[in-house]
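Written below as structure tokens is the structure these notes are about.
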């Protein structure tokens, strides 16, 4: 199978046809139209075998996740997904593997109406790089730098599930399917991110753990925060680990949750809760922004947890 | 050095500040403004160590080339370079290597006024993926599908130099600096591509060899072509190889030239030559589009060359 056959067979028609794609896969560049009074939001992420996923991971899951991590970034800006590009590097042109990968990528593309408009396929160590492109009305994007003292800090979903699944897989322990799903098929919170435009003062997606990612909001906004760990939304398995070990690193510094962390003035919290209920997306307030710099994590017994490190760092942590 | 330090130290400020970048490196997404009545042109390319460059290649050259290949795609559409994103995967956070890489990337960015607006750094086998973003007035982009019978087929520069340099390096022969420069520091023909808007009927950049890349124009346009090999623009070293071996594969099917191949009606050829002279960019007519499908390569002695294969294919060719 040549590079051109591969593109024609698997990647020429992923996601819906869109009127804003003047030219898609198959020329030197794709040509795109951004509607008037909108900004283009873009994010590029690379997933590398052995670092971000196990080399023998289900290729459909790799296809899903490689797009999901970008959609999560769009969600965190409040941008509407539009187009993707894909650079796929493979040791060999394995038809079954590529078919499964593209099916996982295509299913998530269809779910969010995002069109694959171009990319590159090449031989080499397995890795997947995806750029997502979204649209947002001028001035409506939610950045990291708008948090103000007194804002509530909220998170969606539950924290630490993907990290626990990864620990289990690394230890060779059987991981229950629901937990493994959270690692391999994360759900980007696109609808919630869109709904939070005009409500959230700052937002980020949780890819590297709450402590580190919230830290980026604090740094960008020039503020500090206090987290009430008793209020963290935890699944039963994660809660049990913490109960048994007194170790909070799963929700605070394990990666791959792809939930949203955002700040809202307290007066808007009811509106946020209504929206979250409409979207069937659980949202919980877990702390408060302070004027004083630094991150304080209050333990359920009233003690203070000292944070070592700031989440997952691709060069600092050996998996 | 952490991922965040690395970005801050080397990648936060590459290329000029641009008014159309509402938000650059450092949030979940970059935010960009496309001017009214313009389309966005994008292209994504991955360069992998051991496939696209030697692992011990000068990192500044890798930085240059990883951006140059994308700029060449923009040139081939007649799009004006605007922004880049970069996914850099490295075995280790080697400060010297990264500094040299970013210097090469930054020098070419400055040359074309292109701003690095985001990306990703991760650990893994060495590879570089770059997306370029350009701007083109609506309807002005030059695609592959507009070639018409009778059009002259033109190419810029000289063909086969990068391929010859690669052969020399693979064989362990000393390669003269000018030739090696053509492989490691290709010059994207951005100004020529822009000048050809409104003149060229079809255009592509030569990344995989003239036969294969012209083949894409022929397929997309539903036409055929005849090339006059005696007219191919060749450097002295490449001409000598052909003289000695009667083998035309260097100009026809070796990769990495990053020259432009384009079609123009004969009546516009004088205008093209004037522009090329103004830009000090040599352009030569090397053949003609025919209505009959297929590619005929006429040898200097009047014979016909049969083409085997269609240029460099990342899955079909073992380097």
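Each Cβ is built from the backbone N, Cα and C atoms, and glycine gets one as well.
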Point to revise | Matching residue for the Mg(2+) 3 site, where TrEMBL names A:28, A:205 - out of A:73, A:151, A:256, A:270 | key: A:73
Revision key, fill the gap. Rounded Cα distance, in Å, between residue A:73 (Mg(2+) 4 binding site) and residue A:45 (Mg(2+) 2 binding site) is 10
Point to revise | Inter-residue C-alpha distance, residue A:43 (Mg(2+) 4 binding site) and residue A:207 (ATP binding site) (nearest angstrom) | key: 13
Point to revise | Listed in sequence order, residues with CB under 8 A of residue A:52 (substrate binding site) and six or more positions away | key: A:46, A:65
Study note, to complete from the structure: Least crowded of the binding-site residues A:120, A:256, counting other Cβ atoms within 10 Å of each Cβ, is A:120
Study note, to complete from the structure: Taking A:43, A:45, A:120, A:144, A:207, A:256 as the binding-site residues, those within reach of chain B by Cβ under 8 Å are A:43, A:45, A:120, A:144
Practice item. Would you find the one among the binding-site residues A:43, A:207 whose Cβ has the most company, meaning other Cβ atoms within 10 Å? Key: A:43
Point to revise | Spatially closest candidate among A:28, A:45, A:256, the listed binding-site residues, to residue A:119 (ATP binding site) (Cα to Cα) | key: A:28
Practice item. Restricting to the same chain and to sequence separations of six or more, state which residues have a Cβ under 8 Å from that of residue A:45 (Mg(2+) 2 binding site). Key: A:66, A:69, A:70, A:73, A:129, A:130, A:131
**Study point:** Assigned conformation of residue A:120 (ATP binding site) - DSSP reduced to three states
**Key:** strand
